[in-house]
Each structure stands twice: as C-alpha cells, then as structure tokens.
Amino acid sequence: MKFGKTFESHLTIEWRQQYMRYGDLKELIKQGVENAPSPLTSSDYEVQAYYKAFEETFLTECQSELTGVNNFFLEKLLEARRKHGHLKLQLLAYSREPGHTGSDSSLSQRAERSQKKVMTTRQLRYAYAEFYLSLVLIQNYQSLNETGFRKICKKYDKNMRSVAAGRWFAENVLDAPFTDVRLLQRMTIEVEDLYTTHLANGDRSLAMEKLRVPPLGEPTPPSMVFRAGIALGMLIMLLVATAISYWKRAPLEEHTPGLMRLFRGPFTWVIFNFYMAANVAGWQQAGVNHILIFEIDPRSHLQPATFLEIACTFGILWALSMLGFLYNDLIGVSDPYVFPLGLILIMVGLLVVPLPIMNWPARWWTIKLVGRVITAPLHYVGFADFWMGDQMNSLVSCIVDHYYTVRFYAISWLRYDRVNNCFEPDVMVPITMCLPGWFRFAQCLRRFRDSGSKSMSYLINAGKYSTTFLVVLFSTLRSNSEGGYANTFSNPYTWLFLSSCVVATVYCYLWDVIRDFGLFRIMRGERIFLRKQLVYPQAFYYFVIVENLVLRLFWAVEFTILYHNLMTPYNMRTISSILEITRRFIWNYVRLENEHLFNCGNFRATRDIHLAALNPRQERMLESMMDESDGVSNRRKSKERIRLGKEYF
C-alpha cells in the first residue's frame, strides 16, 4: 500500500484537518515537475531561477504545515497533562479514602458507601481507559506526521534532484516539538503503573488488557469474513428454497393469515439487521467514526462482517422456521404454529442469554440501550439513546406484529382458536403504536429539562413526535367508525386523519433535512441546498432530500391503493413497513455524518467521562503539578509558546 493511502487510513478522523497535508504537498511536487522549463528550450539561468523559486514555495508550504502540526500537538499535550493531573488527584483521593468499619456506622450506611466506591472505581477505570486511548492517538499523530514530512521531503529531493528538502527536514522537523516522544512515553508508563496499582490490584496483565488499544486501521480478521460469507451463502440457498416451496406448496387458506402475520415481524427484524451491517460498513468506508458517536469502547466494537453474520443467522432461522411451517406434515409435526413460536423464542434467547456467542458485550449494550429508551424520562439522554428511539419509531409495524404474536400464543393458540379474530386490532394496538413516539417525546422533554429550559429546539422536536399520537388517534377512530358512513370521505375522522398525516409529514421532513441532516445551509452556488462540509458525494445528498420526502409521503399512496381495493391491507402494510426501515437506513448515513462533523469541529476523538469536580485544595494541587519542572517549563510559558508555535516545553 502506498504511503498516501496508509496515511489516510491511520489518521484520527476527527483531527483530519490538523495533520500535515501530505496529498496537497505531493500534488504541488507533481505540478512543479510538470511546469518545469525544458533545458533544451530554456537557458540555464531560467531553469535555475525556476527551481529556486519553486524550492522556496515548497519549503514555505512545509514550514506552514509544520507550524500547524506543532501548535495542535502542543495544545493536545497541554490538555493531556491537565487531564492526567486531574485523574491522578481523583485516583489518589479515592485510594486514600479511609474505611468505615466502626460500630457508629449502620449496615445501610456501609452498604451505601460500598456501592458508591464501586461506582467510583468503575468510573475511574472508564476514564483512565479513555485517557490512555487519547495518549495513543497523540502518539499516532506524532508518528504519522513525522513520517509524512520525511516521505514528502524525500519525494521532493528525488523529483527535483535536490538535497534542500532533506536538509530542511533535518534542521526543522527532527527537533520540532511534535517529534519529542519522551513526555508522552513517561505519561503513558505512569498511567499504566497507576492503573495497575490502584485499579487492577497489582495485576499488570489485567491492566494492559483493559487499557489495550487495537492497532489503528486493523483489517477485519479473515476468519470473521469467512464465517459471514458462509452464513450469507446458506441464507441465499434457504431463501430460494423457501420461495420455491411457498410457490409449489402454498399453505392452506385457513393458515395463510396466521402465516403472514406471524412471520412478518421477524422478517422485518432480519432486514433491519442487514441494513445495520450496511450502515456500519458505509460509515467505516466514509470515515464516519460511529464508535465515538455511540460512545462504544473501541477495544470491543463490532465489525461489519459480524453484523452481517448476525443478520444471516437470524435470516437462516427465519427461513428454516418457514420451511418447517410449510412441510410440517412431512416431518411429522401436527401443529405448524410451533415453528413461528420456536423462531421467536430462539431469536429472543440469542439476544438476551449471556452466552459467549454472537458478541455478548454488544448484545448487552443493545439491551441496556433499549432499557434506557424505555425509561427515558428518568435519566440523562445521550446520542445513542435518541438514535435507538428513532430506530424504534421506524420499527412500529414490527413491534405491533410482535404484540399480535404474543397475544396469539398467550390467548388464542392455547384455546386452539387459530386465526379467526385473533389478529383483529384491540385497544392495545394503538397504544403499542404510540409507544415509540412516546419514548422519543419523553427523551426530548428530558433534554429540555437538562438544558435548564434554555433550548427550545428540544420542545420543537417533542412537538414533532406528538404528531404520532394524533395520526394514531384519528386512524383508530376512522377505522372504528367506518361502517357508519356511506363512504370513507363522508367520515369526518377521515379528513382529520389525512390532515394529521400532512402535518406530521411536513413537520418531520423539515426537521430531518434542516436539523438532523444540517442541509439547506447554502442557498446558491454549486452546493445549493447543501452545507459547507460534505463527507459523501454531492449527488447523494440530493438523492436523500428527494428520497426522504417520497418515502414519507408513501402513506398517501397506501391510502389510495386501499381506497380502490387494489391490494389487501396486510400486503400494503408489509410494503410500507419495509420502505420505512429503508428510509431509516438511508437516514442513518446522513444523521451520523452530521454528528461526526460536529465532533470534528470540536476535535473530539475520545469519549467524555465525567468525574467529580475538584475542590479548591485539589485545584491548587493541580496548578502546582502543572508548574512543576519535570523537563517541562511552567504552565504560563507553555501557553505562550503554544501561541507562538516556535518553542517547546
């Protein structure tokens, strides 16, 4: 692999603009070679003058890049030193905390203190793991930039047949502030020692296991890709077999409604998992750091191949269950409805049973995230929380299907009342349809509360989700009163339903493109209706603008088709639910890209672990630590030298 590609694949994405511009300098050299006067048609003086002027231009650009790299490195180094001092004071205060075992303490007080200490320990471990990752990223920043300057200077001397760039590199880069690794190495070793002593009970191997950072740019293991490929091949064969079997051996008419309703929910979930695999692959390909955005531990995140393997596993189970339903009499099973029940139980078991398969840490993260969504008003809401809430809003049909499944097996199936009336809506259906909207509504209210009631955007966003309640309300009233009118347009609830759908569509669409996507910031020029920074090709954003509107308006197509009896309601609902998760799949790309650009603007490359604020005494101790002479000048001089970018600690 050429160094330019290696450089791009190993840099910290959120700091991309702060690295030396290797590609631009390489292009500058190429232009210099192409524009050089020919010795055959130009005098020696003209040739020498050109190369001298180009040398000055090139070295000026290199010096400008070097100054920028030094300034950013010194800024990050100062942040790291202060963070290191803060963590050290917190750790030492925690370690010196006296025990409480006297008779003056009640059992409940001791239990409360013990629980608080466990929480503090966990928090310190998270904080040190993230801080250690930040040190690794800074070291990687040093290494990549130094290699980049060396490579570009070597390329210049080779193409221009000169030694000027090599001399400039030796005089300016080798002694530059960002190439001094001693302070970072000492800080890294001290973090490892502190973690080992105070947070790992002296077990260094355990400490390094927790602090270990996977190699940057590490490719997906071949074994993982092989497993995913095998699972995908098996799924394709089973899906073909299922389609042929359904065509050749259609189920009895009395079983068809149950078959379709019981299998649609799991099938929608399978498609959603395939979309998630594609999302993760797309984010990685585009350089969108979803690991940081979702605040996932980079030491144990899922690769796209793992998502694909999980999706294929669920798909294989679905296909086998469907084949069992169709061939139940041939395999000696009298009741075909045991197959969808087995499918649901196995899928739920694979999700919640804490076995070391299918990446239990990731499954546990998902379970906790769903739990946080359901209990939204009770705790702080982060990006991952409301992202999951939005996914659940697109899975409303899937959730309702699973409610029908639970009701069927809990009530009708036990009484051997198969399909007749057991899939008709009841009072719980509209309530179930409103639940995802309520979760996001509650999250918005909690965000508004946590903002100190200062950000009205959270209330506006809550208003968007409240339109869900109106749509479900008028849809339910319209369905229940349909038989009392000559036609559907004589029913006043039809007009209220259509009006609520129009309001919800306009409200949600405008919020999507303006707030979630951050588009329509530029109203003229080449990037009209877009924004300044783009990660994906420009045409993709125009596609998203149109696609999001078309799929949000699909309810009008559904209403028209059902009004003219062109398709059964069940089949129409199946199509609309798949289109909705497809819209969410595309939405995920742009929504996370917009959040990624926000992180880039703040140069945020690691998770923020909030610890207790330092008291005044600890603040004075931290200031003293920052001023200590340990090969580093005092803090005041450091700040001044960061501004100048010419001297080093």
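Cβ coordinates are placed from backbone N, Cα and C, and glycine is handled just like the others.
According to TrEMBL:
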- 1-170: domain 'SPX' (DOMAIN)
- 225-247: transmembrane segment (TRANSMEM)
- 267-286: transmembrane segment (TRANSMEM)
- 307-327: transmembrane segment (TRANSMEM)
- 339-358: transmembrane segment (TRANSMEM)
- 420-623: domain 'EXS' (DOMAIN)
- 456-475: transmembrane segment (TRANSMEM)
- 495-514: transmembrane segment (TRANSMEM)
- 534-555: transmembrane segment (TRANSMEM)
Highest-contact recorded stretch vs the transmembrane segment (307-327), from 225-247, 339-358, 456-475, 495-514, 534-555, CB pairs under 8 Å: 225-247
Contacting positions for the transmembrane segment (339-358) when only residues 6+ beyond its ends and CB under 8 Å are counted: 262-263, 266, 269, 309-310, 313-314, 317-318, 321-322, 324-325, 328, 333, 364, 366-367, 402, 405, 409, 413
For the transmembrane segment (456-475), sequence-distant contacts whose Cβ falls under 8 Å of one of its Cβ atoms, 6 or more beyond its ends: 393, 430, 433-434, 436-438, 440-441, 444-445, 447-448, 493, 496-497, 500-501, 503-504, 507-508, 511, 515
